[in-house]
């Protein structure tokens with residue numbers, strides 16, 4: 001089946017235009033290999049984890065702040081470095097006046113407590129003796145005008161004082177219980193902290209080994225992705241080359257079709273020309289015979305009409321028009337294209353396309369040996385990681401560190417047990433004394449309630465005086481309890497104040513300001529047995545303050561402790577040599593695509609034969625000259641019709657019969673000879689025009705295409721290697737990213753968790769939280785609230801004694817106003833006494 005030249009040329013030109021140039025090499029998009037996975041590493045469990053303690057906020061924080069401000073007023077002196085130095089190094093040479101000078105605020109408070117301890121019991125004894133003789137604390141003798149105002153004022157002051165006592169008692173109860181509940185965990189936290197610090201250095205090698213073992217995580221991930229690297233690289237090459245290969249194969253297919261069309265038309269041209277020449281040899285004698293007979297018949301004397309002369313003219317022109325023996329020969333071209341095409345271009349293109357589409361599988365098969373070598377190199381462990389734990393220089397420092405902390409732990413246990421024991425005694429005594437204050441508060445409140453009830457009941461003449469008397473007795477009972485518990489209260493307050501206040505002002509305040517660290521760093525301040533820098537194994541050029549700050553910032557152990565400075569974490573984490581070996585193995589991979597030929601040898605021979613055939617040199621105009629001529633110069637069908645008309649006009653039957661016979665034979669000759677030749681001429685015309693339009697461009701395109709394919713086959717391996725190299729670099733970058741994730745994770749784990757000295761600073765911070773926040777703050781708040789209640793017992797005693805007088809019944813009544821009125825009227829009558 002032939003094709004229209006108008007459709008073939010644009011298709012061929014487009015396909016060739018796409019195939020003539022190879023795309024420039026560009027760097028492949030690494031995203032085509034897929035998303036980089038985020039590796040999940042198991043958190044290395046620490047044998048002893050030291051969690052930082054944080055002071056929890058609560059409703060008592062404002063009270064703690066008030067106590068601290070009070071203590072800052074009591075103790076205005078700075079940290080006594082010289083006094084503490086003397087006390088630690090030569091206790092016998094400590095001067096009392098220096099201690100008193102530093103503790104001046106506490107001495108003043110001690111004087112106040114002493115006065116309280118002396119005066120309150122004496123006052124209580126005197127009041128007791130006075131009450132026994134019924135000379136004080138009695139009742140109101142007479143009623144007067146200002147009595148109600150005095151009584152109301154005293155009751156209000158007593159109520160306010162009682163409320164203050166109640167608030168202080170509640171706070172004392174709360175802080176007492178909070179102190180006791182915090183002491184147990186605080187005492188327990190001290191050995192736990194020391195135990196955790198003992199493993200600060202000794203546990204590092206074991207944890208480093210656990211870190212090194214997790215190198216298998218990136219190894220497994222890389223090994224998993226290596227299984228599909230061949231197919232992935234093949235897909236990358238396929239995607240990059242398909243914009244080149246597919247147009248080339250389309251051009252091959254189009255050229256094959258054009259070649260087939262050209263040969264088909266060339267063969268048709270040759271066959272048709274031969275057939276036309278043969279047909280003309282058979283057509284010429286009958287045409288010539290008809291011409292001669294018609295001329296002889298029509299040139300007779302009877303043919304004198306106009307119609308006859310016209311027919312005579314047509315008969316005279318009855319001869320062959322085209323001479324196909326004059327057409328150019330095409331035998332040489334046909335000879336050159338003999339047996340062309342030998343290749344089935346459609347099948348060849350499908351095979352090449354299938355080969356190209358199987359490129360990922362082909363690359364995967366070729367990559368098997370390379371992947372095996374890469375996995376072999378991958379299975380090894382870098383030298384630095386193998387020595388990560390063994391090279392850690394912590395054995396000597398760990399021994400010294402552990403011995404120091406173990407000794408400190410052993411020495412601290414008896415003291416901690418005593419602290420817990422004495423705290424229990426303090427808690428019991430605190431509960432008893434808080435209960436005593438509660439008893440005073442209850443007596444005051446009940447006394448006030450009954451006393452006020454009794455006052456209202458006096459308006460009734462039939463009232464009983466028992467309510468007021470009971471209220472007064474309850475108030476006096478509260479006074480008795482106040483005198484009774486004043487001594488243990490002031491003693492407990494002063495002892496706890498002296499201990500807790502000095503802990504806060506001497507230790508906690510200097511700890512927060514850093515003066516305590518500076519004191520420990522100053523040479524000579526501590527005795528040789530308490531050389532903390534030596535015991536802790538700190539570097540000689542690093543002070544405790546510097547060690548604390550560096551550890552707080554996350555410094556590693558070998559930067560602070562006396563370890564071997566040759567330990568270099570970055571050197572152990574340098575896996576460049578390991579990854580370089582993997583890169584070399586993978587970069588040595590080359591793809592062999594000999595099976596991808598694009599143009600088979602036989603197809604090339606067909607196209608080269610077409611190129612050498614001289615198809616474009618055929619003189620197609622020579623064919624068109626003969627084609628444009630008619631087969632017979634006269635229209636034989638019209639001539640036959642003219643003869644029929646002329647025959648009908650004749651009277652001579654013989655002449656009429658002859659004309660009709662000629663007309664019939666002309667029609668028969670036309671149908672049998674001329675019409676088939678005209679069909680052959682039409683066929684020849686189509687082939688000639690197709691070849692004339694197709695041959696020049698086909699020759700040029702074939703030549704260009706062969707040059708392009710030759711160049712492409714030379715450049716394609718280079719292009720493939722370039723694409724493969726870029727894709728391999730992308731893959732290696734991706735895989736090296738997994739090792740980078742591991743190195744980053746190891747560096748963070750080692751410097752921030754495993755080999756960091758941060759637990760040292762955390763232990764110091766925890767010590768401050770334990771001593772100052774968990775113990776000292778509630779302890780100081782307890783004595784503050786208890787002291788508050790203790791000193792408010794004095795106004796409570798005074799107001800209770802004063803108020804109780806007004807609750808007892810009045811035995812005598814003296815009213816100046818009523819007496820005067822009685823004297824004016826001179827009416828003798830019995831007056832009732834208001835009790």
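Easy rule for this one: first residue shown is 1, then count along the chain.
Cβ coordinates are placed from backbone N, Cα and C, and glycine is handled just like the others.
Annotated range for transmembrane segment in Swiss-Prot, selecting from 781-801, 802-822: 781-801.
The candidates are 270, 701; Swiss-Prot tags 270 with the feature N-linked glycosylation site. Placement of residue 147 and residue 404 with respect to the membrane, taken from Swiss-Prot, is on opposing sides.
Of the listed segments 65-85, 86-106, 107-127, 128-148, Swiss-Prot assigns transmembrane segment to 107-127.
The feature coiled coil, as given by Swiss-Prot for the ranges 586-615, 616-645, 646-675, sits at 646-675.
Here the Cβ of residue 270 (N-linked glycosylation site) has 18 other Cβ atoms within 10 Å, regardless of which shown protein chain they belong to. By the Cβ criterion (distance under 8 Å, sequence gap of 6 or more), the transmembrane segment (479-499) is not counted as touching the transmembrane segment (154-174), fewer than 3 such pairs being found. A helical conformation is recorded for residue 270 (N-linked glycosylation site) in the three-state DSSP classification.
Using DSSP to sort the residues of the topological domain 'Extracellular' (28-106) gives these counts of helix, strand and coil: 40 helix, 0 strand, 39 coil.
Remote same-chain residues near the transmembrane segment (107-127) are listed as 74, 100, 136-137, 479, 483-484, 486-487, 490-491, 493-494, 497-498, 790-791, 793-794, 801 (criterion: CB distance under 8 Å, separation of at least six residues from the stretch ends).
Mean pLDDT for the topological domain 'Cytoplasmic' (128-153) in the predicted structure: 70. Tertiary proximity for the transmembrane segment (154-174) is limited to same-chain residues at least six positions away from its ends with a CB under 8 Å from its CB atoms, namely 60, 63, 430-431, 434, 437-438, 440-441, 444-445, 448, 451-452, 475, 781-782, 785-786, 788-789, 792-793, 795-796, 799-800, 802-803, 806.
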